[in-house]
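Going by Swiss-Prot, these are the annotated features:
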BINDING   31, 788, 1011  Mg(2+) 2 binding site
BINDING   31, 784, 788  Mg(2+) 1 binding site
ACT_SITE  31  active site, for RuvC-like nuclease domain
DOMAIN    792-949  domain 'HNH Cas9-type'
ACT_SITE  868  active site, proton acceptor for HNH nuclease domain
COMPBIAS  1121-1130  compositional bias 'Basic and acidic residues'
REGION    1121-1151  region 'Disordered'
COMPBIAS  1137-1150  compositional bias 'Polar residues'
C-alpha cells in the first residue's frame, strides 16, 4: 500500500502573504452579534475600498477583487449545562455501582462458601441467555427455587419486610438482595440527624411554615388544634377537599388569597401565584413537577428572593405529609413501615386491577383490549409498560369511565391519586435515607445472630448507605481535572470508611469557596458579596431610597429625601420590619415633619429591597446593639458568607466555632441551621472600599449622603466629576501576562458563551483586516453589539399582555369602550390587533385626544398624530410610555418640550384618572405634567440626548477595553496610554434612526448582507460625528476622560442641549420642529474650527447608497469541528440520549452499544450518532462479490466517538473502513464550502459516519436584490401588523413589482439553488397571483408578520432547505443535494475569517502532480 505517497491535508492554512501597506487612513466598523459579526472598512470619504486578493490553490484563478465589507456567520456558542448534567448523572451511577461493589466485597467470602457464582449471575442477569456465563436464573440458579421465591416475595419490599420482622435464619442471598436494594435506592439526605417513621412531625413542620409565612407576609395566623390538621391531611379524601378543610381552620383567610394558594401546594395540587403577587402572567407551581425548581426560580425572579424561605418551608411540610402517607400502616409492630406501606400499595393495586378489568370487560371487548393490551394508548398497558405517566393514565381513565354508571369507586380513588399506584413513583423522592437505614438495622440485627460477619461489619454496611461526598469536596478525580478541586492528605483509593483520613475537608472547602464565588463585573479582581450580605442589602436599600421623592401641601415641587431622612427611615422602618411600604414613608414624613397631603415617587406600594438578613440575625442573636455596631461588620459578613457557601451543617458548625467566644452555643446552633442562597453582582470593595479622590467618600457614603444631587449607583460610577469611573476602568486593564492569550481573556468576561464567541471572532477579524491593510493600524474601530435574545417568561409574553392589561384597567375606570368600540376592519380585538400603537393608545386613552379631550374616531386612527411627550430631539424613546394619540401634535401648546401649562391644567384630572386605573404609568403622568415643575432643565435635556448616543452596557465596554489594550499599548512619560487607535462605541439606535431617515431599509429575510451594512453605517456615523465635533471624543472614545474646563464644561447647559439635539441632524437637509416649523441646513456640513468638509448630503449619501447596493459582500460561514450533535435544533451529546431497542433482523440501523462490550444487535443502543467532520478520501475500494478494485474519490464521515481513533492513526482508521491504496485525505470541517462549475455554492454540513452516501448539504449562495425590491419587501413584511395605511398603500401601489421579483427569484433558483421541480410548482401557483389578496401575497413572499418563516425566501436563503407555503400551495423541502453532487466539477474553497483570503482546490485536478 502506498502509505509513503499519501498526502493528508487539513484545510486550516496560514494566509501569510504580505500585503502592501495601506497609504490612506481607514476605520473599521463592527456589528457583533451572538451568531454573526458584520465588518466594514471605510476610508475618510466613507467609501469601502476594494483590493485585488491573491488566491492560493490549484485553480486557474489567481486573483479576485473584493470589497472590504463582509460578515462572518457561526453557530451560536452554547452553555455547558448539557455536559454538566450528563457528567453529574455519570458520577451518580458510578457511585451507586461502587456502593454495590463495596457491599459485595463484604459479603464475598461468606457468599463463596454458599454460592460462588451468585454475584456473577446477578451481573449477567440482564444479558441474553447466550451471553450468560452461568444459569439464566439469577438468584438460585434453578427454576424451582426461583419460582418459590417469586411466589413468596412478589416485590423486593415483601422480602425486606420479611427479613426485618422475622427471627428465622434467612438465605444469605436474600439478605444481600434486601441490603443491596436499600443501598442502591437509599433516599434523600435533606433531613439531618436521627429520624424515624415515628417522629415525622407534621404538626411541627406546619408550625414552622406558619411562623415563616407570618414573618414574611406580616400576618398573625395561628392554629390551636394542630392535631386536627394532621387528621385532615392523613384522611382518605381528595386533595381539594383537604385544602378546603384546612382553610376552614383559619376563618379570616379567603379562598382566593395567598394562604389558600400555599395550601394547594402543600396538599399536592397546583397553585397559581399570579394574582397574589400582581403579576401579568400565570405563575403556576406544583411540587411534584420535575420543573418545580426552575418554575420557582422564575417566580422568585419576579417577586424577590425574600420569599424563598416560605416556599422552602411549604415544600418541607409537603414532603412530611407525603412521607406520613407512606408510613401510615395498620401493623404497628413491624420494623419495616416503608416496606409495609409498599406491600399495601401492591395489594391494593392487585385488587383494584381485578375490579377494573371486570368492570371494563362488561363494557366491551374492544374497550378492554384498548385499555389492557394496546400500549400505544394511555391505558393500563401503556401505563404499566412505562410509556404513559400516572397523570395521563388518570386523565384517560376519567374520560373513559365518566360515560358509564357504577364507576364512582374508581373515580374517587383517581381524584385522591390513589388508584393503581406503582411501586416506584415520583413521591418516593420524599423518603429520607433514615427510613431505609431503620429497616437495614432491623435486618442486620436479626440476621447477625446467624451470620457473625454481619455483626462485625454492621458499621461498615451502614456507612455504605449513609455516606455521601460533601458537595463542597466535589468530584474525587485526581490530576488536572477541570471539574475537581478536592485536596487530599494521602494518595490512596477513597472508600466510605477512609474518607476523613484521605480528604482534607477544610482545605477542599476553601477551594470550593474560591471556585464558587464569581467576580465583580466592575472590579474583575474582586469577589462578589453574597446576595444576603448585610452590606449588600444596606447598599440596595439606600440605592432605592436615594431616588424616592415626595411632595406635600404647600410644596411647589417634588423633593428628594435628605441624608437624615434616609438614615431615619432605615433605622425606624427597615430595621423594624421586613417589608417597608409607601405608607411607612408617608407616616414618617407626617409624624416627624408634620407634612400633609403627601405623594411619593420612586416607590410603588413597597420597596423592592429590604434588610431581611438583619431581621434573621436579630431573631437568632437577639442583640440589636451588636448588629448595629459597625465594628462587628466583618464578623457578620463572614457568618453570612459561610451560611451562603455551605449547606452541610457540620461544616457550618466547624467554621462558626471560631466565634464561640462571642456567641453562646445556642446562638451558634441556630445559626448553623440557617442557610442563604444566591450571590450579588458587586463586591465589598466597590460598594464601600474604593473612594473618590476629592471627597474621600465611598459609593455607599454617597448613597447615604449626596447633598442635593441624590445620585444612585449607576450615576455615581459614570459621573465624570467623580473618580469612581476612572478607577473602575483602571481595574479592568488586562495584565501583560494575559494579553497573549486573548481567548482566555474573552472567556473570563461576564456574559453568555454566545456573546463571548462573537467577541472572540470580532477580534480575529480586526487582526486580519489590519494584515490586509499591510499592517497599518486603523484610525478608529467602531463597535456595536447586538442585545442578546431574552428568553425569560416575561420577555416571551410581553406581546400577549396588552389585551389583559386593557381589560383590567378599563374595568377599573368603568369604561366599556373595549367592547363597544371596535374598528370596522376588525371582527374582534385581540393581542395581534393591539400591536398597532394607534389602536392600543386609543384604548389606553379611553378614546380621547390626550391634549384636548375630544373624542377620536376609531376608524380614522391613521389620520391622527402620535406625539412623543419627550420630543425625539431629546430622547429616542418609542415606548408607549412616551407616546400619546392626538388629533394634532400642535395641541400640546406653546411648549416645544412638553404639553404646556395651559394643557396640563385642563387635562390633569383626566390623566390622573388614567393613572389610577393603570392605563398610564407614573412616569408617563410625570412627563405629561412636567410643565408644572418648570419643564425640562437644560441639563436634563443634555443628559437625555447623551444617553441615546453613548453605549453604556458593561459588556460593550469590555470589548472596547480589549481592543484598546490591543492597539494602544504604548505609554507616555506619565505612564498613560498613547491612543493612536480610537475605540468608539455607539448605540444601535443611531444606525436605526439613520436607516429610517434615509429609507435605507433592512430586510433580514433576503440575505445576510445586513450585518455588514450595519457595521458600515456605524463606521460612517461615528466618523462623520467626530469629524464635525472632534471635541466629542471624550464622550464616545474608550479611555478618554473629559478634562477640566473641557468642551463640555465650557458650554452652558442651554448650548449643550442645542448641541446634543442637533448631532444627528448633520445628515439632514432640513429639520421639522414640533411646532410645525421647518429649518433648512447647509448642503455641506463642515467642521467650524478647521473648515474641513464633513458631510455632503448629496454625494456622501449617494456613496452610502452605493455601498449598500454592492452585490459583492464577503459572507463566510465559520467552519468548525463539531463537539456535539443536534437533536431538533438543540445540542445533544455523542448520540441521542435515550436507548433504542435492538434493531429488527436485516435492519441497516446503526446503533452505538450502551456499553462497549454489549452488542447493539442484541441489546439495542444509541441512535443518532453525532458527526464531527468529514474527510475526502482518494484511493481504492473492493466492490461487489468479486471484490473488484475500483478507484474512488468520496467522503467519509468521522463521528465524535471515532475522532480520537482517527487522530491516532488516520491511515489505519480508513483502511479498516475498507479503503486501500490511499493517495489523499482532505479533512473537511462542518460548513466546508464547495463551488460548482455553474457558480452555485454548497456547504457540507455533515456526512453520516455510518453511511457515506448520505449527508446534509446546505445552500451557499446569497441572493442580491435591488433597492426597489428591498423597499417593497420592507413594507410587505409590515402590512398586517398595523392599521397604519402607509405600508399597505405602498404595496398596493407597487403590486406589479411582485411579478418582476418572482421571476427574478425563480431565475436565481434555476441558476444557483437547483430546485427545478419546486420552481415548476411555484410557477404554476403564481399564475393566479392577481386573484390573491395583498395580505396573502405579502406573507407568501416574505413570511407572515411576527413569524421567523421567510416565505419564498426559504427557497433562496443560505442554509438547509425548508418547506414553505406559497399562495396556498405547499412547497416541499428540496432534498436532491447528495454528497456525490459535490464531487462533480467542484472546487473546494477555504476562506479566512474575513473571506478576503482564499485557497481553492479543484477536485478534478487532484492527483495531478
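Backbone N, Cα and C atoms are what each Cβ position is placed from, and that goes for glycine too.
Here the features listed in Swiss-Prot are painted onto the structure.
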residue	record	DSSP (3 states)
31	Mg(2+) 2 binding site	strand
784	Mg(2+) 1 binding site	strand
868	active site, proton acceptor for HNH nuclease domain	strand
1011	Mg(2+) 2 binding site	helix
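For the recorded positions 868, 1011, the ranking by surrounding Cβ atoms (within 10 Å, all protein chains) places 1011 first. In the structure as shown, the Cβ atom of residue 784 (Mg(2+) 1 binding site) sits within 10 Å of 27 other Cβ atoms.
Per-residue confidence over the domain 'HNH Cas9-type' (792-949) averages out at a pLDDT of 77. Every protein chain shown contributes to the tally, and the Cβ of residue 31 (Mg(2+) 2 binding site) ends up with 29 other Cβ atoms within 10 Å. Here the C-alpha separation of residue 1011 (Mg(2+) 2 binding site) and residue 868 (active site, proton acceptor for HNH nuclease domain) works out to 30 Å. Each residue contributes its Cα atom, and for residue 31 (Mg(2+) 2 binding site) and the residue listed as 'active site, proton acceptor for HNH nuclease domain' those atoms are 29 Å apart. Distance between Cα atoms for residue 784 (Mg(2+) 1 binding site) and residue 868 (active site, proton acceptor for HNH nuclease domain): 26 Å, as a whole number.
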